[in-house]
Each structure stands twice: as structure tokens, then as C-alpha cells.
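Copied over from TrEMBL:
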- Cys373: active site, nucleophile (ACT_SITE)
- Cys242, Ala243, Ala244, Pro245, Gly246, Gly247, Lys248, Asp266, Asp293, Asp323: S-adenosyl-L-methionine binding site (BINDING)
- 141-408: domain 'SAM-dependent MTase RsmB/NOP-type' (DOMAIN)
Amino acid sequence: MSIFPKISLRLEVENYLKAGFMNEEVVSVLGKEEAERKFETLLHKLSHPPSFTTVRVNTHLASVQHVKSLLFDELQKQFNGLSFPILQHPDLQDVLLIPVIGPRNNIKQQPCEVIVGAQCGNAVLRGAHIYVPGIVSASKFMKGGDVVSVYSDIKGKCKKGAKEFDGTKIFLGNGISELSRKEIFSRLPELKGVGVRMTDPVYLSPSFDNVLPSYLFLQNLPSAVVSHVLDPQPGEKILDLCAAPGGKTTHIAALMHDQGEVIALDKISNKVEKIKQNALLLGLKSIRAFCFDGTKALKLDMVKDTDGEPPFLPESFDRILLDAPCSGLGQRPNMACTWTLKEVTSYQPLQRKLFTVAAELLKPGGVLVYSTCTVTLAENEEQVAWALETFPQLQLQRQVRAIAVVSG
């Protein structure tokens, strides 16, 4: 058993990432030894959760100070009076930060074990309890109410329903089983609730499951930064080209005081429904969500657009957010990625198709923000360089925390 090693990657993928981070330009500035150190630091950071849990306040319905006070009371209930500091981000006034405590090394491991999948394990590191579908294995003698030690199967080698597992596993902390082993693996479709309630996790972080759902949106800090960089203004027409599940869409609408129009596209219908549900929950009426393929969002014939539905005529939007589908290698925590090099490098063509559509849909003088949640050179810097060369109307604008592209 290992405790929080660096992210587990296929060797071909790790070498690919290293080649990007150790390119000639970086090495010439930092030196080879320092460049290698920074790359290894990155791999270790990726397997750990961020230092803060970030939540965005829905300023459309309440002030930050009011929600901060409500959240303080909620967290005290959750941790039996333990006081968690709640900090307001110094630059992003609608973002609250709650420090994550850990890793905690003094937790006694129990003889009764529960094994969860890697994705479930990542969620546990961010404060989640364990739902029945995420449980892969449980000790044969486990009963409801038992104190259990929870481990993540980062290699995906544990068989569903196994009674023990001796493969590579990462200790996530202790919890209390809500159900017996027999009940968990009874295959009853209605068993979808909490299977293990985490009581002593390696990383102590609040659970935001159903906590102030109309006032708070659990959102990673880089995701919250993106909408601020876009800087939407009241009365504008905004396009979120790849919008699900709607975190950035709803943030955009809130920043423009729900005045104007925010068009959200996604090609998967249940994800579009999630966007609509989030908009309704947060009380935002300026959002219109459509099930539509973003690569086809440009109207090729010049017949006047009369209904406001996709596809759209060229130069239809004041600002466009292209949060592109990507390899996701910047998500934290991520203890393991089993993807092949072919899978990791497969997104560039799709991103360029979406970039092409976005560039055509942007009004002259408008703002296009391109963002991903990955760390590969090919999906970030190389894409921006390609776009600037391909679309002469675009000009790169310097930003403190992200890159925006502005139409000339």
C-alpha cells in the first residue's frame, strides 16, 4: 500500500508530458535540473487536493457577507462545533475559500476495508461521502455501523464484489458503513444512497452536498477565474460554447446581473437539462440552454436568424467562452489516469473546430476566452498560437490569470 504518490500515468503519457515541460525554451530559462524538479512537483501536486475548497457565491440572490455567515453556521453543524475559517478571495470577491486540512497521518487503519474506484476516491479527497455505486469491494464480515478504512484502487484492478484486495491501493481515511456488505452487493437498483459516511478522512474538507444550494456553487478556483476574465457586461449577448454542467454559464449570468442573454450549448441532452436545473435553482432567467453540437453552431447560409436558436449567423456574440473538451490532466486531485497517449492527444482537432466556429461567431471588438482543465502544451499554448496565426482578426490580450483573445 502507498500513501499519496505522484499521479499514476502510463509511461508513454508521462514521457509526453515531460517533453512538453522540458522543451528547449523552458530549459534555456530554468536550466535542466530546475525544469525537471518543477515537472516532478507538478506530478505530485496533481494527486493531492488543492489547499482550499472553493465555492462561488450566487450574488444574484444574496450578498457575499450574508452567505458567508450562513455557511459558517452550516460548517459548525457539520463538524460538531469545529470552526473552519472562511476566507474571501482577495481578487475574486464572489469566491469563498475554506482551508483543507491534511494530509493527516495519525489515523488508525481498521481491519474492515472498503475499496472504491479511482474517481470515487478523488471525490472523497474533496470532502465527499461514498455512495453505493462507487464501492468496488468490502470485507466479508462488514456490517452496517462498522468503522471501516477506505482505500482507492488507483490501477482499476479490484474486481467488483471482491472480499479482499491486495493490489495497489491508497488510504483515504475511515468512515462508518451505512449498509452491510450483503446489502451493498445485493444488486438492488434502488441502492444509490450513501454507503460509507466518512468520519476521519486523510484530508479534512467540508461536504457541500445540499449545503445552501441556491446560494453556493462548488467550483474549482480556475473555473471561477475564467468567467471573471471574460468580464461579461449587462445587456450583452454571450455564448458558452461547451457549457455543461453550467458552472461557468451561471457565473456569467450572475456577473452580468442576469441582464442580457447567455446562450449555453452542449450536445448531450441530460447535461443540457443539468444546465437548466442549475439556472432554475440559482434563480437566473437570462440563460437559454440548447442541446446542440458546438462544432455546427455557425449558420452557413446568410438567411436572417429569426428565432435566436442555433445555428447562429456570423458575428452574433459580444463575448464567447470556449471551455473546450480536453484531456483533463489538470484536474485535482487525480491519483491515476489510465488513458493511452492516443487518447490524451486526441482532442486537438476538436478544439480547433470549436475555435474556428467561435472566431466566426464573435463580433468585431468582442472577447473570446479559451480555457481548458489540462496541462498539455498541445491543448493550451499551441492552440492559442495556432488560432492567432489562423484568424488574423484575433489579437492576444495579456491577462493576469488567464488568456483572452480579442477580435480586432
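Just so you know, glycine gets a Cβ as well, placed from its N, Cα and C.
Just so it is clear, the model here is predicted, and its values are computed rather than measured.
The highest number of surrounding Cβ atoms within 10 Å, among the recorded positions Cys242, Cys373, is found at Cys242. Residues listed for S-adenosyl-L-methionine, Cys242, Ala243, Ala244, Pro245, Gly246, Gly247, Lys248, Asp266, Asp293, Asp323, cover a largest CA to CA span of 19 Å. Here the binding-site residues are Gly246, Asp293, and the one whose Cβ sees the fewest other Cβ atoms within 10 Å is Asp293. Separation of the C-alpha atoms of Lys248 (S-adenosyl-L-methionine binding site) and the residue listed as 'active site, nucleophile': 13 Å, rounded to the nearest whole number. Mean pLDDT, taken over the domain 'SAM-dependent MTase RsmB/NOP-type' (141-408), works out to 93 on the 0 to 100 scale. Gly246 (S-adenosyl-L-methionine binding site) sits 15 Å from Cys373 (active site, nucleophile), taking the CA atoms of both as reference points. In this structure, the C-alpha atom of Asp293 (S-adenosyl-L-methionine binding site) lies 20 angstrom from that of Cys373 (active site, nucleophile). Long-range C-beta contacts of Ala244 (S-adenosyl-L-methionine binding site), restricted to its own chain and to partners at least six residues apart, with a cutoff below 8 Å, comprise Asp266, Ile268, Lys271, Val272, Lys274, Ile275. Of the recorded residues, Cys242 (S-adenosyl-L-methionine binding site) and Cys373 (active site, nucleophile) place their C-alpha atoms 13 Å from one another.
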